[in-house]
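**Q** Have a look at the structure that comes next, please.
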Amino acid sequence: MAIQTSNLGYPRIGLQREWKKTLEAFWSNKIDEEQFLTTMKEIRLQHVKVQQEKGIELIPIGDFTYYDHVLDTAYMLGFIPSRFSEFTSYLDVYFAMARGSKDHVASEMTKWFNTNYHYIVPEYEEGLQISLKDNRPLRLYEEAKQELGVDGKPVILGPYTFLKLAKGYTQEQFPTILKQLVAPYVQLLSELHAAGAPAIQVDEPIFASLTKKEVQQAKEIYEAIRKEVPNATLLLQTYFDSVEENYEEIITFPVSGIGLDFIHGKEGNLNAISKYGFPADKTLAVGCIDGRNIWRADLDEVLELFTTLQKQVQTKDIIVQPSCSLLHTPIDKTEETHLSTELFDALAFANQKLEELVLIHSALTQGTESISNELETYRNVHHTIRSSAARNREDVKAARTALKEEDFSRPLPFEKRYELQQVALELPLLPTTTIGSFPQTTEVRQTRKEWRNGVISNEQYEQFIEKETEKWIRYQEEIGLDVLVHGEFERTDMVEYFGERLAGFSFTKNGWVQSYGSRCVKPPVIYGDVAFINGMTIKETVYAQSLTEKVVKGMLTGPVTILNWSFVRNDIPRKEVSYQIALALRHEIELLESSGIRVIQVDEPALREGMPLKEKDWDAYITWAVQSFLLATSSVANETQIHTHMCYSNFEDIVDAIRALDADVISIETSRSHGEFIDTLKHTTYEKGIGLGVYDIHSPRVPSKDEMYKIVEQSLEVCDPKYFWINPDCGLKTRRTEEVIPALEHMVQAAKDARSLLKTNA
């Protein structure tokens, strides 16, 4: 039995975010297309080289992208919306689909399963000619072979997952379109096989949550493909959960090997193997290193997994690999020497995870004595962090133990609260507001950098923040918004800002991961017990309120989003970490309220993305996620209005959860999903305050008043005007001032027109 190391995907962004910088330079016309392509090639090949040097045998090729791998697949198969037909060059079409243009809205963007990565949603249109427009994986495979002598493993998104992620067709059309994908996939795989690809990784993460009928449908497609490409080595790759429910059928698929996630789907996959075994003529690819977190592996536990598998599986070959692509982890921890020794030692970023794969390979092929020193080191590291004071705070345990049922609910029901709030706040019908942040200009970022580097004093920095806050309070007053925000100029990131002010968090210097397009985030590390220290938002919010007679919202990030957008300790349940965060935020909310802030927004944009992939596991997650929000927000007076915000979600799955949050007002992304949530509300009622975003802030285009009015009009068909709010989709941090002001002016005008119409019809 042969044992090989493999990787499923490598972070794209570059050690110093070279990828991001190159993209943004190209978009702003600072470099031309030739320079863009040259630099991207250098970055791409460097990533292959790193994996080669680390000792990975099956190196992924084609996981690199200029924006998003799902968008790559859509372009490759000809899923190009007709509204982009005026664009002729590849890059013009590609980036118009991703980002929109002056005259055309971008394709929708949404979360990649339950991660914090976003993909561009493929669009199907009637009359679409599906064909292999561009065999990009082949070009990149040949490039790595010619330039580096690397006989890599091409990575492609599988046909079933691709079409399931796409939109624009009816369920009745799905089988027909799926069959139309066979020919381009046959051509793609045939050409890769003919070029000598030793193995081809076909990603099908959707397989973790399919029905029996869907699995049979997928199998028929793979049989049709295999019939035409009988000799290619196809590795069917699943991840993010187990395939337990359909394992018996999946192992009969006509593929050469199957990749299973033994981190996030360990129990289910082991149960399935125990029950049904594994085909002796197939390769088992074992996802044994966590591709979604940053902690060192427990090597003893991993080796125990292989011992269990080797007792139950008499397979042809074994592949040792991460649980999923390393896209979700930072690249290398070597620059994080500012961290405490106990924390630094416990970390493993992408490059360290590759080293762990090689260690496991050595243990499996040469015996555990070959890595005895490393095993001892790992055991000591795990013991040190488990027993650290940061993970064993008595005050945090006491606060958790003292919680009572009444800590999780508001005193009065929504209708009675809202009446009191209307009297207290004196807002008009269809009140307007924004989601929280305003443009972080070059000046804002540069001033923050100077402050952090000690170039300017605390006093100078605070004066600058106050100046920006006052400027935008005046802008908001002039625009005519009803509920204002302070703008969040002091915040780099909506999670990092709070993590820096709570116990139990730590921060990397270079722990960047891709969120969407060129947007990278640096998730905090929750390594210890979370606890409140001092007020986090009081000063800036109270200052903003002192500048205006209008209502100013306090702005906080919710406990579940802080959890889901952080790298979280893995020694206690996520629910317990979420409750710790909620208790700390509860203290902050009480301080805001006692300081005179009457509207407090607690954002939960990541609540949906944390849901397990399998429907059977949803209730348990939703229960503690909702309880976390209620724990944070339920101690305020009835007159204090609690807002929340969500974005990029399949909300039809969680309408009941949204209702259970008991927020007085929720704002939801609507425009980029082309009105899907409006359709959801046609089939269910939502009887609390709600604002459906009227324009997409992720595109640089400024929408017209009429576009926004149309969304308001559609929204009022399904929402009670008494409870309806008007707002953008998300915060405006990434937009430019010259885009934001006219867009908000159009939004306020659309609100005025809608009010006038409602009064006329009253």
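One is the number of the first residue shown, and numbering goes on along the chain from there.
Cβ atoms are placed via backbone N, Cα and C, with glycine included.
Given the structure is predicted, the values throughout are model-derived calculations rather than measurements.
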**Q** For the L-homocysteine site that Swiss-Prot assigns to I435, G436, S437, E488, which of D332, D345, D603 is also named?
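**A** Checking D332, D345, D603 against Swiss-Prot: the L-homocysteine site match is D603.
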**Q** R17, E18, W19, K20, K111, R519, C520, W565 bind 5-methyltetrahydropteroyltri-L-glutamate in Swiss-Prot, but which of E477, E478, E604, E609 does that record place at the same site?
**A** E609
**Q** Select one of C719, C730: the residue that Swiss-Prot places in the Zn(2+) site alongside H645, C647, E669.
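**A** So, going by the record in Swiss-Prot, that would be C730.
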**Q** What's the CA-CA gap between K111 (5-methyltetrahydropteroyltri-L-glutamate binding site) and G436 (L-methionine binding site) in angstrom, rounded?
**A** 21
**Q** Could you tell me the C-alpha distance between H645 (Zn(2+) binding site) and D603 (L-methionine binding site) in angstrom, no decimals?
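**A** A Cα-Cα distance of 5 Å.
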**Q** Same chain, not part of I435, G436, S437, E488, D603: whose C-beta falls within 8 angstroms of the C-beta centre of the L-homocysteine site? Give them in sequence order.
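**A** Other same-chain residues with Cβ inside the cutoff are T434, V485, M494, M555, Q601, H645, C730, G731, K733.
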**Q** Three states by DSSP: which one describes C647 (Zn(2+) binding site)?
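**A** The three-state answer is coil.
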**Q** Cβ-Cβ under 8 Å from S437 (L-methionine binding site), same chain, 6 or more residues apart: which ones?
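**A** Once residues fewer than 6 apart are set aside, S437 (L-methionine binding site) is near V485, G487, E488, R491, M494, G731, L732, K733.
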**Q** Given the binding-site residues R17, K111, H645, which one is most crowded in terms of C-beta atoms within 10 angstroms?
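**A** Counting Cβ neighbours within 10 Å, the top one is H645.
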**Q** Using Cα coordinates, what distance in whole Å links G436 (L-methionine binding site) and H698 (active site, proton donor)?
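**A** On Cα coordinates alone, these residues lie 15 Å apart.
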**Q** Do me a favour and check the Cα-Cα span between R17 (5-methyltetrahydropteroyltri-L-glutamate binding site) and H698 (active site, proton donor); whole Å is fine.
**A** 20
**Q** On a C-alpha basis, identify the one among C520, E609, H698, C730 that is nearest to D603 (L-methionine binding site); the candidates are the recorded positions.
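**A** Result: the closest of the recorded positions to D603 (L-methionine binding site) is C730.
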**Q** When you measure from the Cβ of I435 (L-methionine binding site), which residues in the chain that are at least 6 apart have a Cβ under 8 Å away?
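**A** V485, Q601, D603, H645, S667, G693, N727, P728, D729, C730, G731, L732 - these are the non-local Cβ neighbours of I435 (L-methionine binding site), listed in sequence order.
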